[in-house]
Ligand code: NDP
């Protein structure tokens with residue numbers, strides 16, 4: 001029996017155990033996926049080894065720590081600087097970032113995207129900006145502060161003060177604005193101008209109609225929340241745990257049930 005877990009703090013709210021255990025049950029595997037509320041980031045690999053885990057998912061605030069602790073990294077993780085999936089093989093820890101390809105799979109319902117505005121400059125923005133750009137999409141990144149400008153040297157980076165609205169195929173909110181309040185991620189007038197000339201809006205927040213998505217809908221954009229991104233990063237992570245031996249659609253079919261329970 002192989003054991004897996006998601007590490008984070010807080011972690012009680014995570015639906016990863018439900019997603020992964022539904023796929024484990026559906027595929028008739030004799031394995032189990034749990035959750036670990038890690039208090040001390042320096043203990044990540046100790047706890048992983050103590051629990052004899054075969055693999056893990058890593059969420060806020062440990063993705064950068066996981067990146068530093070892995071022996072080998074995939075291309076996405078290397079470029080983004082964070083790891084959300086760890087697989088142990090022959091005593092080595094392999095680190096992957098499935099948030100980025102999970103996001104690309106989630107926006108595949110939208111039509112052709114040639115340029116995008118990414119709002120926010122945190123870890124999720126880094127993953128999304130990187131994967132958009134590496135798929136040939138022009139990316140502008142806008143953030144409320146200049147704090148993280150250095151980490152976005154490879155992109156057109158603007159603080160709110162510098163930013164002039166443009167038209168985009170895709171506008172993505174990667175900030176937590178609207179998660180537990182009614183805030184928009186940037187000034188309403190600026191967002192209104194952007195939405196007036198854009199096609200698709202994506203919010204990484206899921207399970208909630210955020211003010212960002214509501215405003216986009218009013219402006220007749222096609223909208224999507226972050227549920228599919230969460231689902232697809234889990235589908236990809238699950239298959240990495242099992243050496244890519246399953247069909248992604250089959251895993252997805254089992255995991256999708258987690259959103260209807
Ligand atoms: P970070 O803390 O790394 O970054 C947050 C960014 O948002 C920063 O640039 C920050 O600006 C900006 N920000 C924070 N609050 C506000 C606000 N009220 N208005 C405008 N800008 C704001 O967070 P993460 O990137 O790790 O996570 C962001 C969100 O993504 C979370 O809500 C998380 O739940 C969600 N998420 C969803 C996933 C999914 O699968 N759907 C996967 C991963 C994350 P500054 O630099 O000035 O501080």
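Each Cβ is built from the backbone N, Cα and C atoms, and glycine gets one as well.
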Request  = Report the candidate from 206, 242, 254 that shares the shikimate site with 14, 15, 16, 59, 84, 99, 233, as recorded in TrEMBL.
outcome  = 206
Request  = Whole number in angstrom, please: the longest C-alpha to C-alpha distance across 14, 15, 16, 59, 84, 99, 206, 233 for shikimate.
outcome  = 18
Note = Top of the binding-site residues 16, 59, 84, 233 by count of other CB atoms within 10 A is 84
Query = Given the binding-site residues 99, 206, which one has the fewest other C-beta atoms within 10 angstroms of its C-beta?
reply = 206
Ask   = From the Cα of residue 226 (NADP(+) binding site) across to the Cα of residue 233 (shikimate binding site), what is the distance in angstrom?
value = 11
Task = Work through the binding-site residues one by one (15, 204) and point out the residue whose CB has the fewest other CB atoms within 10 angstroms.
result = 15
Task = Write out how many residues of the domain 'Shikimate dehydrogenase substrate binding N-terminal' (6-86) are helix, how many strand and how many coil, based on DSSP.
result = 34 helix, 19 strand, 28 coil
